Amino acid sequence: MPKHYRPAGKKKEGNAAKYVTRSQAVKSLQVTLPLFRKICIWKGIFPRDPKKKIKGNHQTYYHTKDISFLHHDPLVDIHRDIRAHDKKIKKALSKKNKPRAVRLEEHKPSYSLDRLILERYPRFIDALGDLDDCLTMIHLFASLPTLQNEKVDVKRIHNCRRLSHEWQAYISRTNKLRKTFISVKGIYYQVEVDGQKITWIAPHSIQQVVTDDVDFNVMLTFLEYYETLLAFVNFKLYHSIDVKYPPILDPRLEALAADLYALSRYIANRSKEQGGNELSSKLDESQLTLAQLQHQLVPCEPGALMHLVEETEIEDDADEETKDCRSLFKNMRFFLGREVPREPLLFVISAFGGMVSWEGDGAPFEESDTSITHQIVDRPTQNHFFLSREYIQPQWVFDSVNARIILPTEDYLVGRVPPPHLSPFVDNDAEGYTPDYAQKIKQLQAAARKQVLPVPSIGNEDQNDTQNLLLEGVAGRVEANKAAERKKEMSKQEKQHHEEMKMELQGISPATGTIQNEGDKAPRSLSRIIRPRSGEETSGNKSRRTSSAQTTSWATVGGKSLQIHVDLASQPDAAAALSGVPLP
């Protein structure tokens, strides 16, 4: 009997019972291979790698429970009905029965992926954690050209563009953007929503080329699922800030390709209306559209996403980081040149509290507005300059956002080579290398917070002392100048005193400049009674200090403190001369 002999009718065991091949799964489900791949992508079923491959290493294996789970899925039944309906349409066309084919096409079964979102993401926080690839895919297809002859449907591209603008409008409204970085692949963004960090990459605003090397069937399957997922996420986020979803946009701004601007104004107007009264809830859709157009026709209205910060209510429960991001570009007005990318700068500046306008129709304010503080350009020559504003390169905005401070604009002026664009996703301490410009930014951050950077060789106490001394020195510069003058005057008096002492030792009177008599001269043994100050005293010195006929004085000569004993009875002139010696 063979070693692995199994009697007929006995149940399979081990890997043979746990795993099935792809061909066995397709045959069991009675679907085509493309439909099987599509359903596996939607349901999140992926191939397995068993330790022991029963059918060989060249087969693709799936878990038996996953396949049995697909047997009861309604999507399989719906696609079977769609397949049967397509056969009826094909048969009608083959018989040249066009009216019947048109009628069958109108009543073709359809499916929805809404139920899959609830199955795969029971909690909203789970859906947020799976948005990285979703946002990257949708922003990629939103940048594709809208051509009829391409492999991607134009409606699908417009839907991706709408979803991406709705997501960016919410991020700008709530100031959730944290990091951004410009790379060769595109622009990286990182936001923080409900404690979840979401990172995605958006392509540059250039003409994209659709290649033949990519299997668009698989990518479109993922895209169909991601569109449903992001629509549900946007619906939840918009209702969290009391804004109706989907939004109703201004058709005039949509025609001008200012979708993000129109969407931002809608959010602002809706928040303002709901905060004031409940009138908008009683209007029907047509009346609501007219009311929004009246708000949008106000002249000199702040541009782009500025309403998200100015006209809406600020959340009381916002954390400190959100408050810092909200006030970074506060009270600043930017004007974008026609050569710079509009949408990335519009998204970033608005997310940090700035106000943006551009050149063209539908702009919030004109280039000649005197309240503009910064104009972002990317060409060395300009037709005219305004002295009341600063002309900077686009990199200044991204570097200031990552540093959380307003960087100096001298290095980002037009025509200059800007500093290196550092990635905020790199930990310099973990890498063991800090670029020079990163150190400069740290110094600017410390100066903005009125802090002194620590020195490795000192402790915290010495650092606090250094900070106090620095603040006192900056605040009392006038007092320091006065102290220097007093020190200079004292040095002059000390020098004059030394000269008088020298003349006294030579027997010359300091007052008259004449030589004194022998009796009036100071004793030649003055060196024996003038000695350096010492902490120890002999018994003889103590007895001389207690004598009433002697006096003791201290003087500073040549930087040393000297003790002088003078006999008042025998040397009255010397005692009188030494009486003017200042005591310490």
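Easy rule for this one: first residue shown is 1, then count along the chain.
Yeah, the Cβs are placed from backbone N, Cα and C, and that goes for glycine too.
Feature list (source: TrEMBL):
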DOMAIN    324-414  domain 'BRCT'
COMPBIAS  481-503  compositional bias 'Basic and acidic residues'
REGION    481-556  region 'Disordered'
COMPBIAS  537-555  compositional bias 'Polar residues'
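Across the domain 'BRCT' (324-414), DSSP helix (H, G, I), strand (E, B) and coil residues number 25 helix, 15 strand, 51 coil.
Residues of the compositional bias 'Basic and acidic residues' (481-503) grouped by DSSP class, helix first, strand second and coil last, total 23 helix, 0 strand, 0 coil. If you average pLDDT over the domain 'BRCT' (324-414) in this model, you get 89.
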